[in-house]
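Undergrad: Got a structure here, written out as structure tokens. Questions coming.
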Amino acid sequence: MIETYSQPSPRSVATGLPASMKIFMYLLTVFLITQMIGSVLFAVYLHRRLDKVEEEVNLHEDFVFIKKLKRCNKGEGSLSLLNCEEMRRQFEDLVKDITLNKEEKKENSFEMQRGDEDPQIAAHVVSEANSNAASVLQWAKKGYYTMKSNLVMLENGKQLTVKREGLYYVYTQVTFCSNREPSSQRPFIVGLWLKPSSGSERILLKAANTHSSSQLCEQQSVHLGGVFELQAGASVFVNVTEASQVIHRVGFSSFGLLKL
């Protein structure tokens, strides 16, 4: 009789954790994360609560101080004269500090506003007779003249030069005698010219007026004015065709500009 023997198959080794262990680890992880979040929230709450309590304590101390100060002024309570004097001194120092801080803030704000504002730039000059009878009119700082800032200057008595760029209102008024010979038909022309810091001169405004045939001096005025953007170092001047006809009395002929 032949007996057969079969060797039992080896037991399979478990490669993963049991299901109960996985559930335990998952719950432990959730618990730790929840505890960390709760700790952070509690710390934030505690910090804010402590700040609020500290503020309330300070307010309470201020209230007690003011209440004691009132008692000192009324002569009530058991506070000694020395304590009252000390409290009054502290209160006066506090008021003085608050007043000084307000004044410093006002001064700083005023200085900042002054620094932000553009300085006023304005000029107004009157005509002056020129023996050379040149076509470019001469001007002078006399009579009712204005030279508001050192950022504008009258150069060579002929042109106004600005040292800061910006928009300017430039104007001129020229009064002249309109009597001419009947045979001459040439009008009296006034031109407002720009001389940039670099480049050639160019005309900004021009106006013309006809002459009369009268032998008497019939006064006529030409007014020019406009807004122009001038660069730093630019100059403006006035040119006429007959400088000998210009009237130079006060108030008749003038020239100026104003920064907008």
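Glycine too: its Cβ is placed from the backbone N, Cα and C atoms.
What you are looking at is a predicted structure, and each value in this text was computed from that prediction instead of being measured.
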Undergrad: Taking Cys217 as one end of a disulfide recorded in Swiss-Prot, give the other end from among Cys84, Cys177.
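TA: Of the listed candidates, Swiss-Prot names Cys177 as the partner.
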Undergrad: Which number gives the other C-beta atoms within 10 angstroms of the C-beta of Cys217 (disulfide bond), all protein chains shown included?
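TA: Result for Cys217 (disulfide bond): 13 neighbouring Cβ atoms inside 10 Å.
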Undergrad: When secondary structure is assigned with DSSP, how many helix, strand and coil residues does the domain 'THD' (121-260) contain?
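TA: Once the DSSP states are binned, the domain 'THD' (121-260) shows 3 helix, 76 strand, 61 coil.
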Undergrad: For Asn239 (N-linked glycosylation site) and Cys177 (disulfide bond), what Cα-Cα distance in Å is obtained after rounding to a whole number?
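TA: Spelling it out, the Cα of Asn239 (N-linked glycosylation site) and the Cα of Cys177 (disulfide bond) are 16 Å apart.
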